[in-house]
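Pulled from TrEMBL:
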type	residues	note
ACT_SITE	106	active site, proton donor
BINDING	70, 94, 348	substrate binding site
BINDING	190, 221	NAD(+) binding site
SITE	146	site 'Important for catalysis'
Ligand code: GLU
């Protein structure tokens, strides 16, 4: 099986299940089982040594019945068509769950920015925008950061689009630097959303964040801000990891020290000798486990070894369908990615609104609005899961797909 094929096929199975529960027919499933648009582009880039290298990029737009599509762009060597397709479908679900007037989109470029110079990354970012320019725009499809892309890359992309558009277009992309129309709080919004999801989940299990033992896989944008939030809230972050390995201290790691030493891609464990493997990380005795890295991490192979009582998915697609079943049967509360990681796109929406109205909010206002949306979404999904006796992932899919399906039906698409 291609590396990410299971992401699409398992998403399709759960979407089908959700549509059945909502009473939609086969025609609706046919419409939403795949992105409506998938563009593959080849991007020639002049490298620093004078040669030209051609990269492959994608932009998938799952469904725009509700409004323009929205979602990040990732730069990673493992990007492929299936991954981008699945990610765009999850964006539709996230936007439905937190009630944003968008459908889902996602983009990616097959590359390794860790091996490229900053100038090469800039030329690649600009080339990607030129290549996808026909199908994106502030009222069509609005990109944002994702794995290994950041506010600087958003700035270059916005600049390139604005040049083509011939006027300043901050609403073309979100996750920008504040001076270019970025929103207060956007950089930490995914992590704050995860914290809110953890708080809500802990409450349901009669627990508190303070003094709980947390394991976080990943130390990128979401993982590092999350570790800091939890550490400041009095939790013991007993392990964190990056692509090279994991650091573990049963008494709690010094997160401020690690943040100081991490590089811009979230790598830190290479500075230490005493590390454990990612496999061992998942088996650690803890209260809360947060996969905040890449997909397919909790599988039927390790789902029985997980000791946490609560698993909150900060990454996209970290738990396979089989593992979801095992964790649920074991009584572990699993908060799905489409809910727990929706904080980023929520504040992206706030950023776009601020760009459209040209009036900017304080970080307090942003965070308050974010909290309101996420607490409500969590409550809806948790209650639905309880009343329908389904796991939280299926409940989240039911809430997430409902609005797109209704909008598509009104439009006469299915
Ligand atoms: N890439 C993020 C996600 O997967 C954010 C998307 C956005 O802000 O549009 O949710």
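Glycine is no exception: its Cβ is also placed from the backbone N, Cα and C atoms.
Automatic prediction, not curation, is the source of TrEMBL annotations.
Taking the Cβ of residue 190 (NAD(+) binding site) as reference, residues of its chain lying under 8 Å away and at least six apart in sequence are, in sequence order, 221, 222, 225, 314, 341, 343, 344. In this structure the alpha carbons, written CA, of residue 94 (substrate binding site) and residue 106 (active site, proton donor) are 12 Å apart. If you count neighbouring Cβ atoms within 10 Å for each of the binding-site residues 70, 221, the highest count belongs to 70. Annotated substrate site 70, 94, 348; additional same-chain residues within 8 Å of its Cβ mean position, judged by their own Cβ, are 71, 72, 91, 95, 100, 102, 104, 142, 144, 174, 342, 344, 345, 346, 349.
Under the DSSP three-state reduction, residue 146 (site 'Important for catalysis') is assigned to coil, being neither helix nor strand. For residue 348 (substrate binding site), the same-chain residues that are 6 or more apart in sequence and have a Cβ closer than 8 Å to its Cβ are 70, 142, 144, 174, 175, 183, 186, 189. One residue stands out among the recorded positions 94, 106 for having the most other Cβ atoms within 10 Å of its Cβ: 106.
In this entry, substrate is bound by 70, 94, 348, whose most widely separated C-alpha atoms sit 12 angstrom apart.
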